[in-house]
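> Could you have a look at this structure, given as structure tokens, before my questions?
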């Protein structure tokens, strides 16, 4: 839902309605706070839910034990999304880079303490996420409060943010569906992998493959976000300022960058396919399986690059409704049914369903 701020804050900044950036961010924080409640309840019952879905009992038990420890990370993550977009739509990125670097250091120390010293295992690693998010949120909040760059865009918390929640939801809900439909489909693939004959191997392969795609996707997705934000490529700012020609040029430039990055990432994935799996595991069977899957991951990386940029265009233009329908059709009427055919009907296993 935070991607709605890319449209709202970006266009408000382009139209020089600076005070509205803080109002939009406050509305988002309020909505995220409310949403954290049902999500927390869902995570408390992760184990039983996975059991109903016929997943491996041992895996379900481990997930059910660890998931509740992720609850402290829900609220700060939502606040962080609001802060990030509030700053980025003004072209302010250095503080986020700095706080993320600090967060990485804090995360490493907290993980070491919770996992190694306190022997909390996976639960400790999950709890460390919440601690890290809160550190980043607090530091960014301090920057927003004292920085001269945010004097016009952030005044203080006000009732106006609460009164306009519905206006945020009009873009926030389709924004959420646009992105969640995609990410939920990946979780569906993982659940389906758990139903295949060699569930542990297939699930491990799927998790590592999707994690790799997610890491590589950060680059084009950031380019896509740049399309929605200020400086060299920002559709929402240019549209807010009434400059559609500049917005079109921005799209062309970032698409070229995304294609170049996609070709490079795909080439690296293919060239390193025999050693790629060693980063994640020492299981020789899984490493061999991952080397077979790598060329398919390379294709996914290339297409994801273009997808990330075009998604940024959609968000910058405020076309989230259209994006949600496209995601629904592409992933649930095409992607998942085709994966079911390959994996269960034609018995090609999890690798082809990618």
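Quick reminder: no glycine exception, Cβ is built from N, Cα and C everywhere.
Summarising the annotation, TrEMBL assigns transmembrane segment to 30-53, 92-115, 127-146, 167-196, 250-269, 289-310, 322-346.
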> Any contact between the transmembrane segment (322-346) and the transmembrane segment (167-196), i.e. 3 or more CB pairs below 8 Å with pairs at least 6 residues apart?
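Yes, these stretches are in contact.
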> Taking residues 6+ outside the transmembrane segment (167-196), which of them lie with a CB under 8 Å of any CB in it?
1-4, 7-8, 24, 27-28, 31, 53-56, 59, 202-203, 205-207, 210, 311, 314-315, 318, 320-321, 323-324, 326-328, 331-332, 335-336, 339-340, 343-344, 349-350, 353-354
